[in-house]
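If you look up TrEMBL, you'll see 6-226 marked as domain 'Orotidine 5'-phosphate decarboxylase'. Among the features that TrEMBL reports, substrate binding site is placed at Asp12, Lys34, 61-70, Thr120, Arg181, Gln190, 210-211. The active site, for OMPdecase activity annotation in TrEMBL covers Asp61, Lys63, Asp66. Under the heading active site, proton donor, TrEMBL lists Lys63.
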Amino acid sequence: MATDSPLIIALDYSSLDAALCMADQLDPKRCRVKVGKELFTRSGPAVLEALHGRGFEIFLDLKFHDIPNTVAGAVQAAAEQGVWMVNVHACGGRKMMEAAAKRLDDHRLSTHLIAVTVLTSMQAEDLRETGIDDTPEAHVLRLAALTQQSGLGGVVCSAQEAAQIKSLFGNDFLKVTPGIRPSFAAANDQERIMTPSDAMRVGSTHLVIGRPITQAKEPMMALASIEAELAG
Ligand code: C5P
């Protein structure tokens, strides 16, 4: 059951039960869900099956980074389990990304394959310690270009980067943006935040939203206010 919604709800839970309890309060016609490393490591593919069974499209956020053949196999495994989107680390390089994209093509798998450029937790000093003297901003653009040249469909990026990525790499290159805070929500530990409508206005194609919805008393009410904000 496909949805046109740009909203992807992050199911950041440590158990299958907790994740499904939240999913059962959401409507798969009005959002997708994101499964990350902790939930997947604890629950395994069972969480994918359970969410698919409820009609959700899934972004499997495992950020693969390894030798090309290993990443291609992991991406194929994700796609064969029917996930809507999966991601890799762009710093794994061109050969890794091309191998992953080719594997999906060869098997006619239509799962969206996107890349993480620079983790937002990395600052200039952290990059320098790994041998990269570019600013984080310049490195993001370099890796986004490499991602596109390697045949991937988009990147995870902050809303602050979305406009530039859109102007350099086009509308169709997906820009999946976390760090979203509706006007009614607390910032939590996110530092550089943007509202859903501002993030869409500057070029995000999808918005990853966690706590503003998962910690709301009425998750679907929170989702409805975000939809209203986007429509307004
Ligand atoms: O609860 P919140 O809306 O902050 O959740 C955002 C989600 O997006 C989390 O799953 C978090 O891991 C993810 N994320 C992020 N910032 C990034 C990359 C991913 O917040 N730069």
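Backbone N, Cα and C define each Cβ position, glycine as well.
Checking the recorded positions Asp12, Lys63, Pro68, Thr120 against ligand 1, the ones with a C-beta less than 6 Å from an atom of that molecule are Asp12, Thr120.
In the predicted model, the domain 'Orotidine 5'-phosphate decarboxylase' (6-226) shows an average pLDDT of 97. Comparing CA positions across the binding-site residues Asp12, Thr120, Gly210, the one lying closest to Asp66 (active site, for OMPdecase activity) turns out to be Thr120. Of all the recorded positions listed (Asp12, Asp61, Asp66), Asp61 sits in the most crowded Cβ setting, with the most other Cβ atoms within 10 Å. Sequence-distant neighbours of Pro68 (substrate binding site) (same chain, 6+ residues apart, CB-CB distance under 8 A): Lys95, Met96, Glu98, Ala99, Ala100. Counting every protein chain shown, the number of other Cβ atoms lying within 10 Å of the Cβ of Gly210 (substrate binding site) is 18. There are 17 other CB atoms within 10 A of the CB of Leu62 (substrate binding site), with all protein chains counted.
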